[in-house]
Amino acid sequence: MSSQVSYLSTRGGSSNFSFEEAVLKGLANDGGLFIPSEIPQLPSGWIEAWKDKSFPEIAFEVMSLYIPRSEISADELKKLVDRSYSTFRHPETTPLKSLKNGLNVLELFHGPTFAFKDVALQFLGNLFEFFLTRKNGNKPEDERDHLTVVGATSGDTGSAAIYGLRGKKDVSVFILFPNGRVSPIQEAQMTTVTDPNVHCITVNGVFDDCQDLVKQIFGDVEFNKKHHIGAVNSINWARILSQITYYLYSYLSVYKQGKADDVRFIVPTGNFGDILAGYYAKRMGLPTKQLVIATNENDILNRFFKTGRYEKADSTQVSPSGPISAKETYSPAMDILVSSNFERYLWYLALATEAPNHTPAEASEILSRWMNEFKRDGTVTVRPEVLEAARRDFVSERVSNDETIDAIKKIYESDHYIIDPHTAVGVETGLRCLEKTKDQDITYICLSTAHPAKFDKAVNLALSSYSDYNFNTQVLPIEFDGLLDEERTCIFSGKPNIDILKQIIEVTLSREKA
């Protein structure tokens, strides 16, 4: 199979980009996100043909549908995929765990940084290196193309990006994270990496402040042109593409168990990237009847699917001086006010429901109007018919902090299995789904996004009262032993300020290249 897919911007200002251009640019010049010119279909008979394939083999098949052979040959792509997933600790890469309550937990945390983002960022790091090596060939040092990756993290993206890019030639990586708003393990995973091309920057604010700074960097045409800015956040299409694989792989796992008559996926999500990959899988032909969004108390997605209003802050997050920051929860990777990837889905929604002739140009015009209204007013409301169409694709649930802790307890009591707080948001949502559909024969797959050791505060809060529980012996991996005591390197930037950030990047790059 070989793809002829090209890439276009959701805002309509850029089209006919190659896969390489979409990956290296990350964000289109008009501020839009890259999407494929068409969604390819899974080949006829794919279930029987792929059911016994390994995770890397399925990843190769999926990526071949989106990457033209003229850009990356079959042999080159296979080597990239195999290299990317050889770093995972489990032979199945993303294994399924069946719980006694009937839920199936898809363990996505067996990569180098113990988080689902390794699935995408191990591949993306190798992809960056592949493209740059090809571009640079034997060029002298002062003529080589150099990529400056700038990303924001609420915890897991940062460490996964760093582990995917550390030591890569012709790549520098700058990761912004909110001071005091990531877990100690997450911060240590980032700041203890000593490779000279890795730079961590703390911001006195929240994740959305970091994400806004990254967007401003991408929006600065001159700065972007000078430093060749690249993206590792889920705005980068390659991340979404990589994540499609585990939806197909897990479906085939339950298919082989004879449990695939009605399969539904539950996805804890804040930025909408993880579940968007499931949407693409469904559009490609994956026979799943439902995608279930699980949010924490920062519930912009849940509120949209309940009301049709996409609104940055709810009434509890508004002060006399205006909207305030995301609520601090036990699932910090989802403490997000604005879901960056939701723009991609809104484009497809506009194409299907609002574009008179269902053309990409019309969809981009409508999407741009929605996003401009959202930027101006902090809210945008879609028509009831549009909301009805959205509800055919997704349903959603909101899980509170207390319910998150209770879910960790429930699964420990029933299965002696320990889940992290983000997975707990998904599991609690799954328990509600099971209750609502208890008379139906449905297979639920809940995505488990991180290893519980990364969130000791929440896990210990939930389980410390159990006499048979011991964090160090039951949860803590040997890879984390002593990590908190290692020497750290970090740049403190103070309050969010784009000029200070640009100065930090320029000074650091000049030192790195000296």
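Note that Cβ sites are derived from N, Cα and C of the backbone, with glycine treated the same way.
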Quick check: of THR93, THR94, THR449, which does Swiss-Prot put in the same pyridoxal 5'-phosphate site as GLY270, ASN271, PHE272, ASP274?
THR449
Among the residues SER98, SER321, SER400, which does Swiss-Prot list with the feature phosphoserine?
SER321
Which of the listed positions, SER183, SER319, does Swiss-Prot note as phosphoserine?
SER319
Looking at the binding-site residues ASN271, THR449, which sits with the largest number of other Cβ atoms within 10 Å of its Cβ?
THR449
Other than GLY270, ASN271, PHE272, ASP274, THR449 themselves, what residues in this chain have Cβ atoms within 8 Å of the centroid of the pyridoxal 5'-phosphate site's Cβ atoms?
SER234, VAL267, PRO268, THR269, GLY273, ILE275, ALA333, MET334, ILE336, SER339, ASN341
Are there any residues in the same chain, six or more apart in sequence, whose C-beta is under 8 angstroms from the C-beta of ASP274 (pyridoxal 5'-phosphate binding site), and if so which?
PHE116, SER234, GLN243, VAL267, PRO268, LEU447, THR449
Using C-alpha atoms only, work out the spacing between ASN271 (pyridoxal 5'-phosphate binding site) and LYS117 (N6-(pyridoxal phosphate)lysine) and round it to an integer in Å.
12
Highest Cβ count within 10 Å among the recorded positions LYS117, GLY270, PHE272: which residue is it?
LYS117
Using Cα coordinates, what distance in whole Å links LYS117 (N6-(pyridoxal phosphate)lysine) and PHE272 (pyridoxal 5'-phosphate binding site)?
13
